[in-house]
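Below you'll find the structure I mean.
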Amino acid sequence: MKSYISLFFILCVIFNKNVIKCTGESQTGNTGGGQAGNTGGDQAGSTGGSPQGSTGASPQGSTGASPQGSTGASQPGSSEPSNPVSSGHSVSTVSVSQTSTSSEKQDTIQVKSALLKDYMGLKVTGPCNENFIMFLVPHIYIDVDTEDTNIELRTTLKKTNNAISFESNSGSLEKKKYVKLPSNGTTGEQGSSTGTVRGDTEPISDSSSSSSSSSSSSSSSSSSSSSSSSSSSESLPANGPDSPTVKPPRNLQNICETGKNFKLVVYIKENTLILKWKVYGETKDTTENNKVDVRKYLINEKETPFTNILIHAYKEHNGTNLIESKNYAIGSDIPEKCDTLASNCFLSGNFNIEKCFQCALLVEKENKNDVCYKYLSEDIVSKFKEIKAETEDDDEDDYTEYKLTESIDNILVKMFKTNENNDKSELIKLEEVDDSLKLELMNYCSLLKDVDTTGTLDNYGMGNEMDIFNNLKRLLIYHSEENINTLKNKFRNAAVCLKNVDDWIVNKRGLVLPELNYDLEYFNEHLYNDKNSPEDKDNKGKGVVHVDTTLEKEDTLSYDNSDNMFCNKEYCNRLKDENNCISNLQVEDQGNCDTSWIFASKYHLETIRCMKGYEPTKISALYVANCYKGEHKDRCDEGSSPMEFLQIIEDYGFLPAESNYPYNYVKVGEQCPKVEDHWMNLWDNGKILHNKNEPNSLDGKGYTAYESERFHDNMDAFVKIIKTEVMNKGSVIAYIKAENVMGYEFSGKKVQNLCGDDTADHAVNIVGYGNYVNSEGEKKSYWIVRNSWGPYWGDEGYFKVDMYGPTHCHFNFIHSVVIFNVDLPMNNKTTKKESKIYDYYLKASPEFYHNLYFKNFNVGKKNLFSEKEDNENNKKLGNNYIIFGQDTAGSGQSGKESNTALESAGTSNEVSERVHVYHILKHIKDGKIRMGMRKYIDTQDVNKKHSCTRSYAFNPENYEKCVNLCNVNWKTCEEKTSPGLCLSKLDTNNECYFCYV
């Protein structure tokens, strides 16, 4: 029973206890205006409809129902507003008992939200231990941590990654300067041209916090003024006698505490965003504080107004995790047909609304005058015919590629036994390799040699059948949790065909550490310490608020780091944003050549260009390699450092594009080429800056380097520096020790927990970071690292490593980081406009939902599921390719090789948190609600960009068939402009809909 959530529990969640109550209703949240219920159309009312339910619903649906869910909405592609299912259902209120139970508070999301009656805004209520995040689409992001009473605002109105604290009486949504406050804690308005915060403390206003709507006003308006009658002031919390330090007083009248409830009212009045925050007890108390913390932010008039309010809340109960996302349409003028298509994408759980919306239009019969086209980017619309032709062409790959794909398929079939359940889950033993497999293995490596351009099989001896089998088996064991398409990709790494496979990385490094010394004059071990200095504390007491003393660098304003959904202080993964410049810089392969220093350096400069608003353009690595002023004969075997990279571009003042002078490792060591007239100079108007004398750093002209060893007693500061630079510049260069650590079989998806060395031999790039829970149930963080060993290594060329590493390590895995200090002008001319659909639906990241889980993860309440239960779940989900060997995982004896299952291996201490995650999605418009539900098998599933389990079957009985068709053909369609359209073309019976995958 642990494996599946009860039907009763799901129904309680779906109906949200406001229309059909499962156990009665708590009266919390009605102090100070409005019942803590969902009004304004946010009742998850009777939502009958098609048997499959919402097009946005997860195909898995709810347990005990049909395979595809049961929370009705429109069918895919149905865009007729007259359809009662596609346009939503009228909300009907049902009278129920108001009796509260303790179990009710534990098993449902307690954060309640409701539209305001007379204002464009929302009221949110709940207990003080519940957190949530709100978006005023498309401009404002509000993160509410009620446990610490911490509310932060971010905005896309200004290209900045800095948040502004609600607690601070000063600051700006657009302006980044220190602001001195009057002693009374209230600032005057500084002019309408900038966003200004005004802090006030005032009784709550009934009119602005009325939560009733036209569809259900009576349920909440009756209790709209119960808190305003209180009169006494609440004192600030005092420090206990055992407190080691005196905490500074909070600049808030309302501080959340256990057992209390909160109310946040957010609304827009003319050009002012107003936030009101109130904390109150569960019972009415005449002595309770009646003061409300109010902040007002002036917002510039923009072409695009606020159109939607999206709120995300999270709840964990008995091992089941709920994410609830409600999208309130507040000013949406999008045509009903287009809104239906887009809302279907939202309700499916698809993160890439634009791609899903684009697919929905592509699968329809072509209509050049379709009004929905204007909500896509101009580039996509102009390529519609080309995109359709892309999937209609029947051109096969060349013969060698076709035969290689066929050979890989044959080997994967032959290397596994079929068990009693008819599942291919057991690897065969060496002595079980038959003649047909031996022939296939040699044929496979012969074909691979023909298509490989890395030089692997040209420079090292090819193995025999047994060598190849052992190499492949080792690869499969280290990647036991990969799906079939990922494994097929990894079989294209030519290293698996080597006789001595460990020789593969010998000439794939190439970092030579420069001899540099610390300038002790500028060495200051305390400058990057997170603890506040006495001066900071004194200034804070005087009302001087430093927005962020360590993150505010003089060049921060010159970078476009406004993509808060994909990169912020908590997590950063721009690779998940398919429209981002950085995500379009494809992984490269340095080949059999010691040139990692070039690839890490050029990628760092490429991401800096991206953050300056330029198009994604790769720099020629071969130009840098061959324009070296020293000897060229042994260039591939020497190695160097990023310092030389900077010296070369300063000497020549020119950097051509990769397309001008393509890289081939065999050409490294040739003479520096003559620049052609048509070549593009990517260093045009670029300047290398002089050293900045940063604390704890090695400084030189054009760069700053930080050694992790110098931060041994304060690794948090080292981490903070890297995060800041990644947010601003897109990446940093990192030095690591690869020898005896990283091989061809290295797993990139698992978080590796590795020690470092006192020296380094390889240069890579840190491009992002995130959070995970390790095998001990501890919250941890990792770096996302990009390598230059090609897309068939690691996780498509990337890997993850724990930020801090094991506690016993003498050295961190990241030996050093290097940041270029260069001056490139901002490029505002070629910045592409995003699709207009993002004015109405949030541009979301899978990392956002995973981080929402992580922030609320309770170690004490964790309930990880067994491998056996996971296997059963995967079968229920209909995905036949999730994991090889789950049935017998862990059955091998300690110290002995297991040939009966694919066991996890390596140094990873990460666990895929086997908890069930249900994502409930609601779209509320004109007093009507549409719903969808998505089920994830674990927290890693939450983090995926695509999922074939979102396939839709027009007949529920064909759901498994649709998922299988998607899995089998995903590799074929993955790189197409519209994978959903590509899959649809392969569905000759027209039984499935793939725009949601």
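Including glycine, each Cβ sits where the backbone N, Cα and C put it.
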Of Ser86, Ser866, Ser908, which does Swiss-Prot mark as phosphoserine?
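So the answer, going by Swiss-Prot, is Ser866.
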Using Swiss-Prot as the reference, determine which range in 355-372, 373-390, 463-480, 481-498 is annotated region 'Interaction with host VTN'.
373-390
For Cys610, what is the disulfide-bonded cysteine listed in Swiss-Prot, choosing from Cys581, Cys627, Cys636?
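Candidates were Cys581, Cys627, Cys636; Swiss-Prot matches Cys610 with Cys581.
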Quick one: which of Ser92, Ser183, Ser835 has phosphoserine in Swiss-Prot?
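According to Swiss-Prot, the phosphoserine annotation belongs to Ser183.
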Please work out, from what Swiss-Prot records, which of Cys567, Cys627, Cys636 forms the disulfide with Cys593.
Cys636
State the count of C-beta atoms found within 10 angstroms of the C-beta of Ser596 (site 'Ancestral active site'), not counting that atom itself.
26
If H, G and I count as helix, E and B as strand, and all else as coil, what does DSSP give for Ser596 (site 'Ancestral active site')?
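DSSP assigns Ser596 (site 'Ancestral active site') to helix.
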